[in-house]
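Participant: Annotation source TrEMBL lists domain 'Response regulatory' at 3-122. The domain 'Sigma-54 factor interaction' feature in TrEMBL is assigned to 157-386. If you look up TrEMBL, you'll see 52 marked as 4-aspartylphosphate.
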Ligand SMILES: Nc1ncnc2c1ncn2[C@@H]1O[C@H](COP(=O)(O)OP(=O)(O)OP(=O)(O)O)[C@@H](O)[C@H]1O
């Protein structure tokens, strides 16, 4: 018996979810008003919380959803939160996972997929509770916050496609140097693991690897987070504190999502990179820092240079070596080896007797567009391992039809999806007054993909 809480401002969604989930999990509370979240969480021990990201006031940005996710994790850092997001929001959902959500489901959901996602979240939280000796579910204890550390052992990197071999060959060449590296690629293509691998193979490997989601830092936090502050520099500065650059001294600093920072932030960063020293906020004593710089972004950074939202001089400083990680759909040869790798990992973790992938599943996986790339594949395999009844993973253990790029959806379904897509694009175009860069970022599309859709829908 588990206890679930669902927060969504659509009463129909709440009723449907409760009907379905009560049968499987026992206790299900529903809530339409997110303002009641703190009260509910303080008063009930929920194993899983399902949170809608698209509240009415703020349908497409998910901003309100992010705030509520943050509130939940402030109250209970071990909470297991699954996000419910509208179609097309994969990028936003991935970002939320980085901020501490456990998983996400796309709306409208398929019942089997929703059940599998919850099962998988429950299994994870039970395992974490066991590991930490805590009475309640939860994921990684340090999951909230922007800094992660390199795993000493490193991840096994899979990739036999020509494009990934090229990436590995470049890593061989540059890991041992101090050259700045810029890693480009869509969400979930492996930018983070590649950055850690470069550090692991460098002469700095026994020194710190400091990872900062720089694109998520607010204007007010940017300087103190990166450069540190002295006591009294601002209201909350109760002690002296080193910034991330100082923490990374003699090691590597990994600045993720660098394509998202504002022009003033770019100017500050450029100065630090040129001078190689940092001054804590409120101090006037610069400190020299010796760091190897690795940056990553999923943004079209060259497009941003062209429309002047990203400084060319900053780009030239960070891209001494450039690594492009192709989306998974462009390296189909890697899909099955990756899926088998994750299958082995999860069958051991969940103690399941699964021997392989069925031929029908292999075909389906190779045709599917994987908008969330390797991360989506990994999550899909994890769920499938939990769900599988037999000794082979089958298409039924996956639901690979929800992708916006999947060509095999039925005619009725694709009409519905197209309507939703058109509405989302219209909404975003209004919100950003037609700014293609902002709209494509919000929708998680490349600029080219957005242009194609604008043409298709006559917008
Ligand atoms: N070549 C690979 N071999 C094995 N695992 C991989 C590979 N590439 C990615 N992964 C796994 O896929 C998941 C997503 O990778 P990662 O976090 O590095 O992506 P990312 O590009 O940094 O994503 P984001 O843009 O969202 O930050 C991780 O669990 C990672 O271990």
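Numbers here mean position along the shown chain, with the first residue as 1.
From the backbone N, Cα and C atoms, a Cβ is placed for every residue, glycine too.
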Participant: Go ahead and report the DSSP secondary structure tallies for the domain 'Response regulatory' (3-122): helix first, then strand, then coil.
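Facilitator: Residue counts in helix, strand and coil order: 62 helix, 27 strand, 31 coil.
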Participant: Need one number: mean pLDDT over the domain 'Sigma-54 factor interaction' (157-386).
Facilitator: 92
Participant: For the residue listed as '4-aspartylphosphate', just count the other CB atoms lying within 10 A of its CB, please.
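Facilitator: The residue listed as '4-aspartylphosphate' is surrounded by 24 other Cβ atoms within 10 Å.
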